[in-house]
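TrEMBL annotations:
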DOMAIN    10-95  domain 'Ig-like'
DOMAIN    106-208  domain 'Ig-like'
TRANSMEM  220-241  transmembrane segment
REGION    248-267  region 'Disordered'
Amino acid sequence: MFFSFPPAMPSLRRMSVRTSADDTDRLLVMPRHPFIINCSLENSDAPNVLVVSWYKSSEGSERQKINSTDRVKTAGDSLVILEPSPMDDPGNYTCVFDVKTAEGRPEATVQVIANVTVRMPGVSINKMEGEDLVIHCKMRGKPWPVVHWTKDAHPIAEAIGNASTRLQLEQDELGFPSALLSLSTLRRPDDVGDYCCHAQSVANAAVGCTIVRVKDKYAALWPVIGIVAELLLLAAIISFCESRKPKPAVVEDPDQESSTDKLSRRAEELGSVWPSLRGVERSRFTGSGG
C-alpha cells in the first residue's frame, strides 16, 4: 500500500511585504503630479507572478476594492494615481497578495495624506458697525486638520469681547472643523484687526489671514455734515464782512425827483423871490405918483 502525501507548500513560510513607502513608515505625502505605490513580497518561494488586489479605506469607512478607472490604474503589485485629488485620494491603500501563508494572506497598508492648504476670502473685509461678520477659511487636504483662529496674534476667544455670545466656530459644507467664523454685531474699534485661520495636519501646517475693517455707521453722513458746516461758516463770514463796511453817502439826483418834490422845491423858490418882487412894484408906484 502506497500513501501519497501532499506536496510541501513553501508558501506557508513567513512572508513579508515591502512597500515603496517603507522609508517613511508607510506614510506618503501625496504630490501634485502622478505617483505610484508599489508592493513586493519578500521571503517567498511563490511564483513571481501573483494576483494582487488593492483596497482603499478612509476615516470611519470600511475598505473597498479598487478597480481601474481613467484616473486610477491597478497593475499587479503597483497602483498608479494619474490625477491626484487632495480631497478624494487621501486614505489607506492596502495591497493583498493572493497566496496562502501560515498567517493568512500577506498584505501591507500605505497611508496617503495630502498637504493642507488654506485660502481666505480676500486680503481685507470691510463692514459697517452693527453688521454681522462671516469668514470662511477654505481648506483642502486630508486627514482633517486641527483648526484654530487668532486675532492680532491672540487666541480668538480672548481677543473678542463677549465671545461666548457673539462668536461661533462651525464646520463648512465639506466637513472641515471650525472653518466658518461668525461674529455678530460688530463693534469699532474692538473688532477691527487681523484675523488668521491656522490649520495643522499630520502632513504640514498652513495659515491664512485677512484684515477686518469696521466703518462707523454714520460715516456716509460726515461728508455731508462737513459741507453744510463749511457753507454756514462761509455765510457767517460774508455777513460779518458786510456789516463792517461803511455805508456810502446818499447823493440826490435831480433827475430822479418825484413830481411832488419838484413842486415843493418850486414853491420854496417862489416864496423866497416874492418879497423882492413886491418891493420893486411898490417903488414903481411911488415914483409915478411924484
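Including glycine, each Cβ sits where the backbone N, Cα and C put it.
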Quick one: DSSP breakdown of the domain 'Ig-like' (10-95) into helix, strand and coil?
6 helix, 36 strand, 44 coil
Can you tell me how the residues of the domain 'Ig-like' (106-208) break down into helix, strand and coil by DSSP?
8 helix, 50 strand, 45 coil
